[in-house]
């Protein structure tokens, strides 16, 4: 609907309100969806007219539109349900439960079950969470406060919560103005009667009543057409000008005096209600400074740019903007495309824009504001020397260098993992496995989508200041992180940005506010602030949007977007639609990039037929300036490219990197980087162009550098680099691609043009590595859980809650304890921390979570525990039945699986909380469906009790471990056994004790823990990659081990009280925590040895761990704030990770196995 038609609806609403047609007003509000009457909504909620409340809401949103809408409908239906229970109308409550609330069970079944259980209570206030529920009126008022917040935050209600300011009887005024000069007053009265009658009939659904006028004028269409054009209002102007531009019904049109100022009317950006959605231009409009001729260059692209938009208005303020004499004809040329597929729009707005532009200097005098100095260059400037290869572990899908730190690289993978690398030291600074931060708050469409497969990263990108980074995923989401120190990523915002895949993400600064621009398969481009508020929504593409390229020329901020059908569009930050619409060469799926100085625009892409194009654009005309030669005619995927040094272009294709000089269409040179590159490699330069990262075929990336880049990564440049010529760089077609040998995740060998060099020869030895040893309480942060004074009860199982706010311990007596951290000034995040003492949490009822231990020999029992993903329920057993506890009330919801055999290990299915894998004492594994109370399958393969279970959704397998020191791999689809592998026990050791298994975040590498060893396996083939055996200062048997949340560290506890912190990729020890660091001298000198039996790692903080000890105590530990981590990564020794370190306690005798590829 046009904006004038929308305004007409507001005028009719005002008219109906003034005429007291209340019911018609609200029906038109609902059916048009233009204005949400909050007062009317509040009145209906307070009156408990729930049917009308929902009916009115459906004019604006549906329950499954987004998380805000879902929450709105849920709160309303929950209140209706509680009111039925409160008046003891159980039949009505059941009806509401089945018909209204059942829909929400698909995304939160535990919550639905808990709501259902309220039926059996005499008074639902017996439920602790509802104990403060007052009377109906108070409850409705409290709910209304929440609903108003949700509505104001819901993007679907944006621009719909404020009625425009209108003079009274505005519709009457317009009709009177029009027809007072044409017909007599009686016709005006008839018009009013007609409108009144027509609307009354329409909104009371009395369409079967006819009404005929006795004159031949089609009254309604004439009226509406006159209202839409409004050109008749021009007759009322004192100084009418030709071709009036009348745009609103809300105010009377007037022409400016002839030869008067042409200052445009300020138009605010359309971001809705100021209280809930601050305007993008929060710091004022764009300053009306004079722009350079580049504004006109952009006008060549944006021939349809409206002078009334806020951005353009600022640019064309007054008449001070210069324009090239030869550019005006370009903008006024006939509608003949200057390039194949281009469409040029002409409009009255365009004519007005041209009238405001005056000639200025000649074309030779105008360039980009920052002058480009011609500098000498040679092929040596290209980063062509292979410095090293890094094995990421998953297919690399996107890379981005930090804007100010030339050796910090952000990497995104198809496993959903994002990683921050410091290339100078080869350190993996931070790694974040994909995890949905707040799944229950999302739409049901999204929740269904994410259950299916792993969500790949499509794009990673840094903000221009380097303080934020973003990741766009293949399903709906983007993640924003703040990054103010090199080794710390903090969650900023998770946004359900698009329906389907989010294909691209970029940062932009419209009006000096940092924003995020995204595009997706839903054919939309969206602009978000860093708090997740949607500021703009651009529609117009007819195919999925493949990429976005935000840019600016002086004060003009704009976005280029490309779609998979080859269409390219340009947008200003307003609601006026796209300014250009043309085809990429070959209708290719393409990406657009500017040169580093912003003066030149390039695009590169591949058509559906596989033909690739690399071109430079003439921005002044929107035409192709040059097409580069040397790309294949048949590519299997969309080729990727990058620009550097304002002089070079690089494209990844055919397992090679191809380089062009920007000013020459012929291929400059190409290299294969010693082979092993992906067929269509992704590549990225650092800002200086001294380092180039390029993806490999074996889930890694290579780092190439020029002489300056080699110094950055602490490698001496090869002496032959100065003699390199394009011919030397050229790859022989006959030479096969040679995969790089990779040891322990990092290929340390420099692959230069002439002679490989060992890193040890050139690595900076000024700071020799030392093992970090924590031997005193002052060297770390430590907190002991309160109420753990019963030294006779060992802590045998330990978990963090998934939200990271609590620790749950299971004792050998079957009793579970929960500690929670409160949100306060000392701990504003409310997350678990070693700097604040938590609370031993219990419900008001005083209940304990006691397992069924009747008739159980606790000395022989094997306690087990598992926590649901949303922390609502915990399932545990201690030799008896399995009990399912409500985490809020501690009540036992149900019990099942009575022994014998007793359960020994529990694991929830990662995609279905109703499916539980239960390891048994008799060596079997039961696949149990809680919903139907039925064992679906029994898996047999072990000889002794089950001691560990781990699911991998990537490989679609369940891995089990047993007290028989064997590992079984099972298919999740059929529950058939795929493989049985005995762990390799060191010679002289007996295969006794428990074996535990845990998957790395990539869901491929598997950690196997036995008292005799730590081992990493490739679970796809069950090949051992490496092994560590207790030795030196850590020679005692291992009691437990676990990955950190980012899978970069492994924490292992030992029977002598030591704790080892290992690098997860290399199994090299980086830190030893001695028992003297966390135990008092009295305990250390006691008669009974005290040591950790179990370790748990925080779900969000990789350097935080909790230990459960055999004296019943639980402790949480973190490194000192100044340190921030447990020691430094071990060095690379002579190209092999794993040689002995100087300190005996850091020595590693682990076995390195070659990775099978």
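Yeah, the Cβs are placed from backbone N, Cα and C, and that goes for glycine too.
Summarising the annotation, TrEMBL assigns domain 'CTLH' to 34-92. Per TrEMBL, the feature repeat 'WD' maps to 495-538, 639-670, 939-980. Taken from TrEMBL, the feature region 'Disordered' applies to 1137-1157. Residues annotated as compositional bias 'Low complexity' in TrEMBL: 1138-1148.
Sorting each residue of the domain 'CTLH' (34-92) by its DSSP state yields 41 helix, 0 strand, 18 coil.
Long-range Cβ contacts of the repeat 'WD' (495-538) within its own chain (Cβ-Cβ under 8 Å, at least 6 residues beyond either end) map to 66-67, 155, 158, 269-271, 277, 280-283, 285-286, 442-443, 445-446, 458-465, 468, 470-478, 480, 544-550, 552, 557, 559, 561, 563, 571, 573-575, 577-578. Shown for the repeat 'WD' (639-670): DSSP residue counts in helix, strand and coil, namely 0 helix, 21 strand, 11 coil. Residue counts of the repeat 'WD' (495-538) by helix, strand and coil are 3 helix, 25 strand, 16 coil (DSSP-based).
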